[in-house]
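> First, the structure itself, so that you have it in front of you.
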Amino acid sequence: MARVRVPKSLGELLQSMPAAEYFALFGKFGATNEEGLYLHWDKFMWRVPNGISEEAAWVATKFARKTMLKTLPMLLANKSADKEGEHFSYCVPESLFAKLHHIDKSTGGGHDLGDGTFITAKEKDRYLVKSLMMEEAITSSQLEGASTTRAVAKEMLETSRTPKDKSEQMIFNNYLLMKKAVEKKDEQLSIDLILELHQIATFNAIDNDAKPGELRQDNEIDVRNIYNEVAHTPPCYTTLKERLSPLCEFANENHLESANSFIHPVIKAIILHFMIGYIHPFGDGNGRTARALFYWYMLRSGYWLFEFVSISKLIKEKRSDYDTAYIYTETDDFDLTYFIYHQVDVIIKAVDALRAHIAAKKSDFYHFIEWIEKSPVSHKLKRGQLELLKDALKQPGKVFTAKQVAVEFDITENTARTYLNGLVDEDLLMPTKSKKGKEVSYVSPAGLQQRLKL
């Protein structure tokens, strides 16, 4: 990540040039460029046409943005010696509005999914299994330094085995964190809930002498870039409660029904994500807690599909862009629009990835059904048993347990055991007991296709 070029303040620029120079550019430079990009000075300065002053063009752009800016009076930025205190703000240019519309249209817009979306409510339980929630738990942890591979992590979560090290513990915690976000989606946000989420995220997996579920008690913390330079100094620890309380009020206020204070739910969820990262209320685990709050608010707002959408995977792939979006906001009058654009693009890609996953699952299962219907036993099997049979055919020798199947399909262990025993009754799985003789495992036999008489 290259060092970010920081713009001069608008006041400095206005004093350094005649008004006629930037007045002449009003109307030629808007909030975004012709491609709909909301550029920070860091990128903007290189895109100004020859013969035009970059700084004058920037002034014209800033004025265009100021006409659209919405200030968030509850969210105070850092105070400095020469300022009364600044507040965060954002705007919604047309290109951002279009992206938000795309998200709403693709995910149901906070309503039950139906015609026009890529999955119907009826298909939800068929294709949106808990393994998709596991993906976010794994990549969110890897984003924070967990080194466990995806395969090992998935095996741990599916079998519910005890984590072996800190990396596995982080992943296990994040899985519980996602489930807690679902469980708490109808509750209002409070400092206690934020602390509860942090405690789950960091149990036995925390650094910097921090304590799970407790606000930091000092200022011995900063955020550094790849050059080991201080990129962000969080607010003083003595102000944490007075910053988190209005953040909770902001989260709980109904911004959907007021024409004067409307805030799109996706934007609000992104702002909550940003603010936890900015305030940095904990000695460690801020990122995990911030992303959990994003999911909590999306689910609270009716976007149930986000229980299965993974944003951390895409953030991890381009971590520097994520960090830069934070820096852009802090270095340009606390304008959250930069971070909002970044996260909206991540969300769109994540939803598109889920769409592709579901399309592949549908196609795979329909082809399997066409093939398995030739077997005389197929009409005796339930949908869940057919899914298990499909996996068994792909991996001869694969071992299934009631606990693992229950987690995978989000069903009770008794129901999972009924599915598995039904396949045993049809001679399609082989039961085997552990050495202790308590837990029964089920093994996919060699020659399964022949047993199906196919």
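Any Cβ shown, glycine's included, is placed from N, Cα and C.
So TrEMBL has the following annotated:
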ACT_SITE  His280  active site
BINDING   Asp284, Gly285, Asn286, Gly287, Arg288, Thr289, Ala290, Arg291  ATP binding site
DOMAIN    189-342  domain 'Fido'
> When you measure from the Cβ of Asp284 (ATP binding site), which residues in the chain that are at least 6 apart have a Cβ under 8 Å away?
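Once residues fewer than 6 apart are set aside, Asp284 (ATP binding site) is near Thr202, Ile206, Asp207, Asn208, Ala210.
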> Among the binding-site residues Asn286, Arg288, Arg291, which ones place their C-alpha within 10 angstroms of the C-alpha of the residue listed as 'active site'?
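The binding-site residues close to the residue listed as 'active site' (Cα within 10 Å), listed in sequence order, are Asn286.
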> Of these binding-site residues, Gly285, Gly287, which scores lowest on Cβ atoms within 10 Å?
Gly287
> Taking the centroid of the Cβ atoms of Asp284, Gly285, Asn286, Gly287, Arg288, Thr289, Ala290, Arg291 (ATP site), which other same-chain residues have Cβ within 8 Å of it?
Glu144, His198, Ala201, Ile276, Gly277, Phe282, Ala292
> Over all shown protein chains, what is the count of other CB atoms within 10 A of the CB belonging to Arg291 (ATP binding site)?
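Other Cβ atoms within 10 Å of Arg291 (ATP binding site): 27.
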> Summarise the model's confidence over the domain 'Fido' (189-342) as a mean pLDDT value.
93
> Please list, in sequence order, the residues in the chain of Thr289 (ATP binding site) that are at least six apart in sequence and whose C-beta is under 8 Å away from its C-beta.
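Looking at Cβ-Cβ distances below 8 Å from Thr289 (ATP binding site), excluding near sequence neighbours, one finds Ile194, Leu197, His198, Ala201, Ile276, Phe282.
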> Which one of these recorded positions, His280, Arg288, has the sparsest Cβ neighbourhood, judged by other Cβ atoms within 10 angstroms?
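Each of the recorded positions His280, Arg288 was scored; lowest Cβ tally within 10 Å is His280.
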> Test of understanding: give the count of other CB atoms lying within 10 angstroms of the CB of Ala290 (ATP binding site).
22
> Look up Gly285 (ATP binding site) in the DSSP assignment and reduce it to helix, strand or coil.
coil
> When a 10 Å sphere is centred on the Cβ of Asn286 (ATP binding site), how many other Cβ atoms does it contain?
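The Cβ of Asn286 (ATP binding site) has 24 Cβ neighbours within 10 Å.
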